[in-house]
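Chemist: My structure is below; once you've seen it, I'll send some questions.
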Amino acid sequence: MNAPQKHSAPITVEVALGDRAYEIVIGRDVIASLGERIAKLRPGARTAIVTDRTVAKTWLKRTEEVLDQAGIAHASVIVGEGESSKSYAGLEQVCEALIAAKIERNDLVIALGGGVIGDLAGFSASLLRRGVDFVQVPTSLLAQVDSSVGGKTGINSPQGKNLIGTFHQPVLVLADTAILDTLSPRQFRAGYAEVAKYGALGDEAFFAWLEANHAELFSGGAAREHAVATSCRAKAAIVARDERETGDRALLNLGHTFGHALEAATGFSDRLFHGEGVAIGMVLAAEFSAERGMMPATDAERLAKHLAEVGLPTRLQDIAGFTQEGLADADRLMALMAQDKKVKRGELTFILMEGIGRAVIASKVEPAPVRDFLQRKLAQA
């Protein structure tokens, strides 16, 4: 893989979806162009900024300033932080606030935040007046490389993650890499799991580049922009081929079947961030694949080694409160995986691996070997 160049101008990645195509604009301080871009996209539109309390303290004023400079009217909706806001109550709060702000069909909702805000604001926009367009301004690494791109929106159910939702594409994504400087180390690491996922599922050269360059990526600079852009290009290409996840878009769920079950078992709490669940889930998927003879055990070890090297959890035992009831229970985890979105007619579908850079969709996976695998992993505590 070629070394990244220093970018004096933003990088633009197109999501090619015909008359619903949109741009992902990546670079430092691209948020400064938000007002100008909205004015061109939707002249005369009013906006409502949906964000959470933490992001509001740092980025709401800046966002309002760039909208003011472009003469764009704006309201704001502030919700609590974390997965608890991705709920029926959170959806009601946002929808009612948008209605109170008199947001109409020709106006825009702005999702200013991480993956939770993007999912919640996008879902609310998709429902409001049967569909209002929205703009993604992702403020976490995870959101910039994954959840802000592709149009998946939704909330969680007590029975599982992202079970209530819609496909609703944004009209613009602004990925300001300067915003990532304000993330905690743990938040940044969690987002990095999704970056590594793109290499693990379909680009061994990118994975090797990450192994060699992750230190520079974590410290900022051109490597960070290169990683975000490479990740977005990978996702944009898959979304353009399979917008509604009827085929190979499911590959993007590498690590998510195990990971979502672990998130649900931990109550969608700060005990396990989404990216951390994905990291553990990818390692479990790789190890399960190796046990089935699908990939070399050395590749599974390589994946686990790299994720651990950057500080991500890679084992069930790395989760806080691991021994609490509901987590160290193979049957409970199997029941949660049975609610996975990829389940068809009650049969499990996993994203497994044939090697680094070669993920595959495995349909009709028998539950007994999965349960046995989990029981053995749990017994290693």
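Glycine residues also receive a Cβ, built from the backbone N, Cα and C atoms like all the rest.
So Swiss-Prot lists these for the protein:
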| type | residues | note |
| --- | --- | --- |
| BINDING | 81-86, 115-119, 139-140, K152, K161 | NAD(+) binding site |
| BINDING | E194, H256, H274 | Zn(2+) binding site |
Chemist: What Cα-Cα separation, expressed in whole Å, is found between K161 (NAD(+) binding site) and E194 (Zn(2+) binding site)?
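Modeler: Distance (Cα to Cα, whole Å): 17 Å.
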Chemist: Beyond the listed site residues E194, H256, H274, identify every same-chain residue whose Cβ lies within 8 Å of the center of their Cβ atoms for the Zn(2+) site.
Modeler: L142, D146, A193, K197, G255, G259, G275, G277, V278, G281
Chemist: Is it possible to get the count of other C-beta atoms within 10 angstroms of the C-beta of E83 (NAD(+) binding site)?
Modeler: 22
Chemist: Within 10 Å of the Cβ of I117 (NAD(+) binding site), how many other Cβ atoms are there?
Modeler: 32
Chemist: Restricting to the same chain and to sequence separations of six or more, state which residues have a Cβ under 8 Å from that of E81 (NAD(+) binding site).
Modeler: D52, R53, T54, V116
Chemist: If you skip the near sequence neighbours and keep only those at least six away, which residues in the chain come within under 8 angstroms of H256 (Zn(2+) binding site), Cβ to Cβ?
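Modeler: For H256 (Zn(2+) binding site), the qualifying residues are V278, G281, D340, I351.
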Chemist: Using other CB atoms within 10 angstroms as the count, which residue among the binding-site residues S85, S140 scores least?
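Modeler: Counting other Cβ atoms within 10 Å of each of the binding-site residues S85, S140 gives the minimum at S85.
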Chemist: When you measure from the Cβ of D119 (NAD(+) binding site), which residues in the chain that are at least 6 apart have a Cβ under 8 Å away?
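Modeler: Long-range Cβ contacts: K86, S147, K152, T153, G154, I155, N162, G165.
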Chemist: Are there any residues in the same chain, six or more apart in sequence, whose C-beta is under 8 angstroms from the C-beta of G115 (NAD(+) binding site), and if so which?
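Modeler: The answer is P138, S140, L142, A143, D146, S147, S148, H274.
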Chemist: So what sits near E194 (Zn(2+) binding site) in its own chain, CB-to-CB under 8 Å and at least six residues off in sequence?
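Modeler: Expected: L141, L142, V145, D146, S231, G275, V278.
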